[in-house]
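Participant: Below you'll find the structure I mean.
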């Protein structure tokens, strides 16, 4: 609620008379003014004082207002002295552990385990995905239980066909982050072991990796629906951060070489209008269908161009140029403004625009804000304005539903704006992208509306997604009562709850100058310049 709406109404005092009556009125006015000032001071303290976010985190996420500082690599406090854990995460985790321990995900209504074909017979996606969230939220007993499971049960030696992209961002990313936060060797060892298992995916004529890989045989293939056997931009383009860190931790240059080769292939290709199509054939090295999206199939490729530069301590000038050139092409060809004044990112199909924006695309507000400071000097302010406009549009996609949760996709045609018009686009599966953008916008602007919008999302999640056995997605956000899909996604614990927590935390909780988040919200440390220089010297 805006602060102004909480202030008492005060009338302008009568200046024409100095009668006793008017004097008494003036006294009342002064008292009201003082009271108004006190209220304003209180709310100002909540939103602007350095420790205000601790108060907000206590109100929104903790059963106590006490919040100890979270620091990278900090040691666990003495047993019994850790602060109470955030209730939303606690509820999600406890129910997963009670009903689905060791399974990839939880069915919170059926109260049993769940797994999609993304992981094959690989187990424990929620455990690995949630490791860093548990640590950051100081849920140390739960973190220790998860660590013990990883040490004893996380096994990659199986005849399982997995999604290279999903296993990389969730498992490799989760293990790397857990290692960097806790220093526990088991996470480094498991991350490198899994990275080695993924290397056969790159055995193609171009080095563009397959989407699917059998971990035992090393045989890869692509999704049968993907434009004549193509690899997907967001999948082969979202390996860079993790593989650079695998080289850093293992001393093996081949991880970094694999992802740098992807850039070489892309640099040789002509880009239609400067855009990157979603499909690339790994055998011929040629584009498939000329479909372009900053949402599904494309999204995290652009994110990783920017973050590769940031994670390199801003030494990866090629990554920087690729990102800003791509953003310029996106702005010219895909970004439009509706008649109602909402800025959105359309999809491009062979030169024709489809005026649809996905929930996945809403990450772009945060990405553009994160990169605004590094662009050309005259573009910083413009890019921050663009990021704010995208955040507003995505908030509107939530605000215009019955449940105040956003649909999977929303359209700007046929007289509608920021509304899903097709039944198969009305669902919400606990996605994080809108809250992710709120978190970045809060960090860069400290505009209290982003915390207000985040709090609206918390209330909606509690009202419509919380069930007896955890949190579930819903099939239609425009309905008055929820029809649950009975899946608590692993990314709900890895991303959605983490970004909400950070939205209401101090800026020095995982500060951006030291940490870069992978696309599954796993924080990876910036590789400092001196490390890069030493590595170059050793080549």
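Any Cβ shown, glycine's included, is placed from N, Cα and C.
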Participant: Ranges 8-28, 29-49: which does TrEMBL label transmembrane segment?
Facilitator: 29-49
Participant: May I ask for the distance between residue 433 (active site) and residue 166 (active site, proton donor), taken between their Cα atoms and rounded to an integer number of Å?
Facilitator: 16
Participant: Tell me which of the recorded positions 166, 299, 408, 519 ends up closest to residue 394 (disulfide bond) in space, Cα to Cα.
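Facilitator: Checked the recorded positions 166, 299, 408, 519; minimum Cα distance to residue 394 (disulfide bond) goes to 408.
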Participant: Looking at Cβ-Cβ distances, which residues of the chain lie under 8 angstroms from residue 166 (active site, proton donor) while being 6 or more apart from it?
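Facilitator: Set apart from residue 166 (active site, proton donor) by at least 6 residues yet with Cβ under 8 Å, we have 118, 119.
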Participant: Rounded to the nearest Å, what's the C-alpha distance separating residue 362 (disulfide bond) and residue 519 (Ca(2+) binding site)? Just drop the number here, would you?
Facilitator: 13
Participant: Please work out the number of neighbouring Cβ atoms within 10 Å of the Cβ of residue 299 (active site), leaving out its own Cβ.
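Facilitator: Cβ-Cβ neighbours of residue 299 (active site) within 10 Å number 25.
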